[in-house]
Amino acid sequence: MELLVLHRPPAARTQAHRGPVVLPARAVPPQAAVSSVSLRSHAILQTHIQVFRGLFLKVAQVLPTSSCSLVLLEETKKTPLLLSNGTGYPAAAATGIPLAAMPGGGMVGGACNGQDKRMGVANGAGPGYQERETWTRQMDFIMSCVGFAVGLGNVWRFPYLCYKNGGGVFLIPYLLIVFVGGIPIFFLEIALGQFMKAGSINVWNIAPLFKGLGYASMVIVFFCNTYYIMVLAWGFYYLIKSFSSTLPWSTCENEWNTPNCIEIFHHQDCKNASLANVTVGSSNMTCSDLSDARSNKVLNISSGLDEPGRMNWELMLCLVAVWVLVYFCVWKGVKSTGKIVYFTATFPYVVLIILLVRGVTLPGAYDGIMFYIKPDWSKLEEAQVWIDAGTQIFFSYAIGLGALTALGSYNRFNNDCYKDAFVLALINSGTSFFAGFVVFSILGFMAAEQGVDISQVAESGPGLAFIAYPKAVSLMPVAPLWAALFFFMLLLLGLDSQFVGVEGFVTGILDLFPGKHYHRYKREIAVAICCLLCFIIDLSMVTQGGMYVFQLFDYYSASGMTLLWQSFWECIVVAWVYGADRFMDDVARMIGYRPFPWMKWCWSFITPCVCLGIFLFHLVNYKPLTYNNVYTYPWWGEVIGWCLALSSMLCIPVSILYKLFRAKGTFREVIFISSPEPALLNP
């Protein structure tokens, strides 16, 4: 039953039952030279572990044994190879032989021994359990992580935040938070999945009391899968409309145009950027209405959330098409996903390079690029700049969603996930910065054509992708070609993020049903149910009031607050409940060496403080949701939004309370572990 007492010698475990004490001397090999500082650090760690140990033992009976990782827990409990005080390393490590080269895949006792098979298994899953797949090549994992983490936010959000927050100066807080928040959590999630060989729920078997973390991540990624695909549906619609000699949004001769539509205008005709009327022919038109195509044709938006209106059948067909595409990308698991991402993750870079070459040759491109990178040092004094940097990191690195954990679970046990984390972080942040040159070279051209300052055409999010950029492309020669390239890139950027998100969700669900529930088409059925359920919810977003529903999901369900809350608890549980030193030992057991201590310091202190600080800032500066700064959501709309947010955030405390109430013994025994039950002391 003691599944959670890892890497601790039997003598130390017996002594631990008498209360928090210093690790006994006999538990330390006599040949090891241990400094007094190391002993004190280890004693502090042991004290924290004892406080929670009794709680875990009392709820351990509800712990499902779903993979070879639980066999590994028993083996590592009995054989404490890598002690956090630096002692107890095996002879192989002492002689310079990498731990990864040890028999049994680096795990003494052969808990999961046997070679990893190509697209095969993590052996030793135990009788009655389906063998877990692994990536055919390690590059499959890299490409999948790139496809998932590098998405639309890198292209449409980072460049806007960069110019808004001081240009090149924004890179200072951005890079700082990358190293104190982004990379540590990114590495933690991948390593946890690789070590436990499980999805986002079962990885928290390391601390069953906090298994609500897994359910919270599943709720968040489910909401993301539900509303994120609407962006793909819009992109697919625009892509289809790009295959015409004249782009529909470049003229005012469409049936859905309003009298306010104008084809060519110059802002100098407007006075003080007001909504002054200008006369074109016999119609009075305003200088502000540039989004007829999206507002009236694609969205056909109603007056409010309480008026859903009729369904847009063209948009619904596009939604069906992208869901079918996602299904066939995921239905065979990593065997299909690992191949498709080679195209979906790399081709957008080809398009970005083509668009950059075209963009820098346009008039006004230089001004746009300088506007993007010109530093404004005074911005560093503003708290909002640092908050924007932190929020962008958590968005673009896709942490807290559980999908990275699922991807890591398909790695070979001895894969160097530490190196992978840094490589993927470099690719992610580098893509964001590079995309800014592409975006602002085009926006600089658009501003020059209209005779306005770039700040008046620079937008973020869907406004950039579906209003500003299409308008800029329509001003270029051979506009349909550049429009098709742009929207195809947009579709691919979102597609791999979408189907990897679905993969992460399905992996977590299937891990709850181990091999004894094996069915030949279990995965295909699970993926189909997931896609169908999300599609049904999406139908509310293809109506005239669908944009209001979309914003509710975007603003609340997977907002900065939910991701920060999730990341904060991930660090706390791994560092203070499971033990940062213990997890560093587990990583060393996998990759053959201990990561730099900076990771441990971040998990224990720095990253939780960063997450909590940004979370509180968001909470204090909360503003009610609006649409286009004009429409204010009704009170019941905000209630729905907060229900979406709390549905994931409350998973953690509710799960803790549920397990505590189910635990046997008095409340004092459960909390203070003053007199543990004999049955638990002698399993």
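Glycine too: its Cβ is placed from the backbone N, Cα and C atoms.
Bear in mind that TrEMBL entries carry predicted annotations, made automatically and left uncurated.
According to TrEMBL, the features are:
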type     : residues                                                               : note
TRANSMEM : 141-159                                                                : transmembrane segment
BINDING  : Gly147, Ala149, Val150, Asn154, Ser396, Asn428, Leu493, Asp496, Ser497 : Na(+) binding site
TRANSMEM : 171-192                                                                : transmembrane segment
TRANSMEM : 213-240                                                                : transmembrane segment
DISULFID : Cys252-Cys261                                                          : disulfide bond
TRANSMEM : 313-330                                                                : transmembrane segment
TRANSMEM : 342-366                                                                : transmembrane segment
TRANSMEM : 386-410                                                                : transmembrane segment
TRANSMEM : 422-447                                                                : transmembrane segment
TRANSMEM : 481-513                                                                : transmembrane segment
TRANSMEM : 525-543                                                                : transmembrane segment
TRANSMEM : 563-580                                                                : transmembrane segment
TRANSMEM : 601-619                                                                : transmembrane segment
TRANSMEM : 639-658                                                                : transmembrane segment
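Positions of TrEMBL features highlighted on the structure.
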{"residue": "Gly147", "record": "Na(+) binding site", "CB count, 10 Å": "27"}
{"residue": "Val150", "record": "Na(+) binding site", "CB count, 10 Å": "27"}
{"residue": "Ser396", "record": "Na(+) binding site", "CB count, 10 Å": "22"}
{"residue": "Leu493", "record": "Na(+) binding site", "CB count, 10 Å": "30"}
{"residue": "Ser497", "record": "Na(+) binding site", "CB count, 10 Å": "27"}
Could you tell me whether the transmembrane segment (171-192) and the transmembrane segment (525-543) are in contact, taking contact to mean 3+ Cβ pairs under 8 Å with a sequence separation of 6 or more?
no
Look at every Cβ pair spanning the transmembrane segment (213-240) and the transmembrane segment (171-192), keep those 6 or more apart in sequence, and say whether at least 3 of them are under 8 Å.
no
Which chain neighbours of the Na(+) site, leaving out Gly147, Ala149, Val150, Asn154, Ser396, Asn428, Leu493, Asp496, Ser497, have a Cβ atom within 8 Å of the mean position of the site's Cβ atoms?
Val146, Phe148, Gly151, Leu152, Gly153, Ala345, Ala398, Thr431
Quick check: do the transmembrane segment (171-192) and the transmembrane segment (563-580) share at least 3 Cβ pairs under 8 Å, counting only pairs 6+ apart in sequence?
yes
Are there residues at least six beyond either end of the transmembrane segment (422-447) with Cβ under 8 Å to its Cβ atoms? List them, or say none.
142, 145-146, 149-150, 154-156, 158-159, 162-163, 171, 174-175, 178, 182-183, 186, 349, 352, 355-356, 359-360, 362-369, 371-373, 392, 396-397, 453-454, 456-458, 464, 468-469, 471-473, 475-476
With pairs restricted to those 6 or more apart in sequence, evaluate whether the transmembrane segment (563-580) and the transmembrane segment (342-366) have 3+ C-beta pairs under 8 Å.
no
Which residues of the same chain, at least 6 past either end of the transmembrane segment (342-366), have a Cβ under 8 Å from a Cβ in it?
143-144, 146-147, 150, 155, 431, 434-435, 437-438, 441-442, 444-449, 476, 482, 485-486, 488-489, 492-493, 495-496
Looking at 313-330, 386-410, 601-619, 639-658, which one has the highest count of Cβ pairs under 8 angstroms to the transmembrane segment (141-159)?
386-410
Cβ under 8 Å, sequence separation of at least 6 from the ends of the transmembrane segment (386-410): give me the contacting residues as numbers and ranges.
132-135, 141, 144-145, 148-151, 153-154, 157-158, 161, 164-165, 170, 173-174, 176-178, 181-182, 185-186, 189-194, 196-201, 203, 214, 217-218, 220-221, 224, 334, 417, 425, 428-429, 432, 497, 500-501, 503-505, 507-508, 558, 560, 562-564, 566-567, 570, 610, 614, 617-618
Under 8 Å between C-beta atoms and at least six residues away from its ends: which parts of the chain pack against the transmembrane segment (601-619)?
177, 180-181, 184-185, 188, 383, 387, 390-391, 559-561, 564-565, 567-568, 571-572, 574-576, 580, 583
